[in-house]
């Protein structure tokens, strides 16, 4: 064999006379990944990285989704399937993505192109998923910002029924004259036909989704009739993007400092709100309801599905964020400890936030005389209706309201930073011209978000948001992460991946991690994908049913990100060098790595069998 140049300067490698690569490296052979990359910026400190990852993973879902899922799925017993899913899928995939980003030191697109060119489409899929999430996530932050600056008032607008949009069905919760709160008995409960001032403010006064002055909660908008733009929401969204831009335009050196506040401040507020919550009447009932175990619920597949879904959306594999953040680490950073630490913080925050939420729900049940299941809500209804209503009944209500919505803003901002950084890093590494003009690129990205976001600033904007939440994330995310696990286990090879980890940190992951990466995670992910397809239902929101066309377009939209995986794979295969299918397959399934004293990434096969798992 002799070394001959190829037409592609990035593919200089030994070849036989038929043009096929004939060089192989033993698994512990001299592959140099050039850990010192002077052109790659790095975190200015280890804590910048840890706080950025914690800030991304701990988001609004920890506050408004996990506690509700515990309540819905058997109370404390939900922690059993949740913990199992964390141990078998969440943490292993979290760890895997951090390792891949740190080893290849690039964003998702370039990293997957180097791991396995045939599956470079995984990188495009995860970037597109992060793109879809950013469309609606920052609108929720705009809502929080509106509530935050509106809270700087002696009279909170969601505490009163004296507004122009209020209906005769509106009621105001009150404290007693001596400053204490008395619990209502069942026969004193608020009528189910009544609508709280907080609910009317959110849906009628703020969003305009429900008809003003009407004594009901019927949706009056549709996806074909979104109504007028709510310019106060649009202005808030513009301010959110200004905050994001000036936090991210210079890269991780600016965002890495901002997260010192946005990642740590929520824990201060959660502690304060917990102390306040356990001083309210009825708090014990709320906590008991949150933790009361119902072991019969473990027999329901939906409980396990909810646990797995929460793990993936909470820890965040498949969004490209973990790869992007870890790509700025020192090559020999102990990402194993980082993965365990940040995963634990995330899961503990989810669990502890339940005490903050349900102590207040117990209080609301006490105040209204309604059972807790009639008070509890999931998603925006919890943080923009139920919790603000509870805070409005307390002495010094504006103070508590400012504190709560400032916490929501900080929780959401660093998660927004993560999603945007995944896109910026992924595209900048793949298209270097964007990296050279980062400030302009980031500005154009957020300007595009702002234009798209206007549709969700209309009176029916929440209908578009719900459509994006359902169709823009779940299927593409699950398919991408499933492909990630399968490629690492069965094409790239676990033995090679384990060697890469050893090269970085000096030790090999044990059999537990190999089992999770090769068996447990792919099986659970495939089960989730199958379940999502089998149990698919046409989308509804409150009493509004989405038209058939919206659901059909939604399904196409849901699969748009995942479609990049086969499309890019076909393109790579068709254009691969080689005279036979076997030669082309070898070309597109070999990882691109570096030899000693070379700067180019070249395709280098290994001698290890791809199916060799437990080694």
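A Cβ is built for glycine as well, from the same backbone N, Cα and C atoms used for every other residue.
Per Swiss-Prot, these features apply:
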type	residues	note
TOPO_DOM	1-46	topological domain 'Cytoplasmic'
COMPBIAS	15-24	compositional bias 'Polar residues'
TOPO_DOM	73-76	topological domain 'Extracellular'
TOPO_DOM	101-120	topological domain 'Cytoplasmic'
TOPO_DOM	152-229	topological domain 'Extracellular'
DISULFID	161-170	disulfide bond
CARBOHYD	162	N-linked glycosylation site
CARBOHYD	187	N-linked glycosylation site
TOPO_DOM	279-302	topological domain 'Extracellular'
TOPO_DOM	329-334	topological domain 'Cytoplasmic'
TOPO_DOM	359-398	topological domain 'Extracellular'
TOPO_DOM	425-439	topological domain 'Cytoplasmic'
TOPO_DOM	489-518	topological domain 'Cytoplasmic'
TOPO_DOM	566-615	topological domain 'Cytoplasmic'
Cβ neighbour count (within 10 Å, all chains shown) around residue 170 (disulfide bond): 22
Residues of the topological domain 'Extracellular' (279-302) by DSSP state, where helix covers H, G and I: 16 helix, 0 strand, 8 coil
Cβ contacts under 8 Å made by the topological domain 'Extracellular' (279-302) with residues that lie 6+ beyond its boundaries: 67, 70-71, 73-78, 80-81, 180-183, 354-355, 357-367, 372, 531
DSSP-derived structure type at residue 170 (disulfide bond), helix or strand or else coil: strand
Remote residues contacting the topological domain 'Cytoplasmic' (425-439) - C-beta distance under 8 A, at least 6 residues beyond either end: 106-110, 113, 123, 126-127, 249-251, 320, 323-324, 327
